[in-house]
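*Asks:* So that we are looking at the same thing, I have put the structure below in structure tokens.
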Amino acid sequence: MQQGTLMRKVKSKSWKKQRYFKLQEDCMTIWYQSKRTGKTESAFSISDVETVREGHQSEVLQSVAEEFPPERCFTIVFYGRRGNLDLVAGSAEEAQCWVQGLHQLIEPRSFPLTFALVCRTWIRDWFQKADKNKDGRMNFKEVQRLLKMMNVDMNEDHALRLFQDADKSESGTLEGEEFVLFYKALTQREEVLSLFQEYSEDGKKLTLLELADFLREEQLEDEGTEELAMELIDKYEPSETARARHVLSADGFLMYLCSLEGSIFNPQHRGLWQDMSQPLCHYFISSSHNTYLIEDQLRGHSSIEGYIRALKRGCRCLEVDCWDGPNGEPMVYHGHTFTSKIPFREVVSTLGKTSWGNSSSPLPSMGMSPPSSHPQRYGQRTAVQGISVLPESAARRHWVAQGASLSPSPQELKHKILLKAKKIGRLEDTLDGPGDEAPDVSDDDNGAEAEEERRRAKVRGTQHASALQKDKETLAQALSDCVIYCKNVPFQGFQEAHSHSRPSEISSLSEAKARKLIRDEGNEFVRHNAWQLTRIYPSGMRTDSSNYCPQEMWNVGCQIVALNFQTAGMEMDLCDGLFSQNGCCGYVLKPPFMRDKETLFNPSDPSSREGPGPITLTIQVISGQQLPKVANSKEGAIIDPLVRVEIYGVPADQAHQETKYIENNGFNPRWDETLQFQLHVPELALIRFVVEDYDKTSRNDFVGQFTLAFANIKPGYRHIHLLSKDGTSIPPSSLFVHIRITE
């Protein structure tokens, strides 16, 4: 990567300033300074960078697309709510140099490198914060200040002893490697060392067979444990000599436990591990509501950034509210409100560039409220230009030929965008002629019943003709032809849907309507969702963009449970937790008993589930490591952390338990408490670990969380790497737990 590169920092179409950007010698910090004044303007750590986007993949860079070609443009995206940094390099070569260099720094090829980078960055950042006079050395007074900053309330005599042990030069200050020694002493993990020595005969190393025993007995690895032990030694043992002898040191053991293999999340489930050849209706699909909004629902800002963020987060169902615009050009915004507007063509352009970055799975629903006035039918035709909708294909012909019994699979629809909107007639009408024919009533039927059925069919036919005529008046044929697998239809009851709807149709329900159906007709709802898609959306009263709990909708198999992705909280934690598996493709296969159209399952009655009985989940919460301070806390304040484990699932499984709080220790708290839960329908359960700062006079403050599906839990001694309120990583903060699952 080049150093001292002159680039343009872009904030808007009219604000483009030249700045020198330079990677510091530690390869962990980038600073930039004004070309005109030479004054350093800002600096940021590599650990703050979430990703780098190439080309015009931000609203700001799209606004200057005519001025600067995409090969010179890139965007640095930060964790949390910090704004993006949009840059224009002097040449395509310079842009590539920075993009590739940043990718290598933020996406190391192996976890050990990531772990080492995190530790180095963590140590360096704390050193710089505590070194008040910037002389590159730290005296004991500065160390005491550092301990407060790091959430450590340590006895002064003990702190002085650690300081003196690390001060090898006996200069009264710590610098360079001396501070690293101090940090290592500070972060000594007694609970991990005790576990290591339990399996180590000499207390200094684990032989290949000793490590294999640990993996088999504690981590419940039942196949190829010796081969796995060898892989872990080669991967995590820092000493070349120990690797050559096929042994694992205490440092290597800790490195393994902090790695992806030592995580509570089953590493085999991080990739694409589920069957993707089932019909669309057999999957839960990551879905957003009013995707274009990044604030509230009434006056919020509409931005293509909402689409980019949702797609990067694994969302596969986006909402595009398309309304009448000037000069026949459709605009995207929240209709009948004061939200800002963005041209539809910008949304289409963005989707074309970013839809397949994280996943090749189809976008099964790009919901549209099409322009409604007759003059805007030209706008409707222009709206569909440039959208890669599903063409006439073998998958579509096969599906129709089979009598439309089920929808096609994500595998068949890879790299397709499916439009969810109104349609003129039905797909069968378009391909094969009129669809709703009068029923064939045999002579043996009861006369009154037959006459009543004829009357109902006639009413349906009249209603269908009326609706068809209305659609023809307001919809452009070009837009209608794009709607294939997701035709919007009103929900008129499960019996009506079973008798007259098609798998190519989809109904949208408000959260309140869905709750009523769950309460009154839970089993019918599950059966309906086994063959047709259902979309749930937030109440119109949620003008602040708050969210409802998605779990109750997943409990009855609703596939498209739309949430406000811009609003952090428990609801989005559950969404992220469910869809963090299966390669983050945005699709999760429903359990077998929810894919059967004749299922007896009802979430209000766990005994209706076919399969084994309840299981017991036992969680020993052992310790925490380097927990972050509470946002906006007072200087010198140290948290009193507790851990709460929450279970989300069917009503009978909903539960939570918590540990006691540890006073004044956010650095290395020890709980050693055991929590136990019984799960009746573990296939639907989500487990949420929450760390809070206890407060006896007011509500506890959020510190960090991690959520995952029960199916993805790896038993044994595991680390839980905590996430912030908005779902971003906060390394190296973690919990150390022991998990057991019994029937």
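Backbone N, Cα and C define each Cβ position, glycine as well.
Keep in mind that what you see is a predicted model, and the values were worked out from it rather than measured.
As listed in TrEMBL for this protein:
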| type | residues | note |
| --- | --- | --- |
| COMPBIAS | 359-375 | compositional bias 'Low complexity' |
| DOMAIN | 1-107 | domain 'PH' |
| DOMAIN | 118-153 | domain 'EF-hand' |
| DOMAIN | 154-189 | domain 'EF-hand' |
| DOMAIN | 479-595 | domain 'PI-PLC Y-box' |
| DOMAIN | 595-724 | domain 'C2' |
| REGION | 355-379 | region 'Disordered' |
| REGION | 428-465 | region 'Disordered' |
*Asks:* So what's near the domain 'EF-hand' (154-189) in sequence-distant terms, Cβ-Cβ under 8 Å and 6+ beyond its ends?
*Replies:* 123, 126-127, 136-140, 143-144, 147, 254, 623, 625-626, 667-668
*Asks:* Would you mind splitting the domain 'C2' (595-724) into helix, strand and coil residue counts from DSSP?
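*Replies:* Tallying H, G and I as helix, E and B as strand, the rest coil: 12 helix, 62 strand, 56 coil.
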*Asks:* In this predicted model, what is the average pLDDT of the domain 'PI-PLC Y-box' (479-595)?
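*Replies:* Overall, the domain 'PI-PLC Y-box' (479-595) comes to a mean pLDDT of 95.
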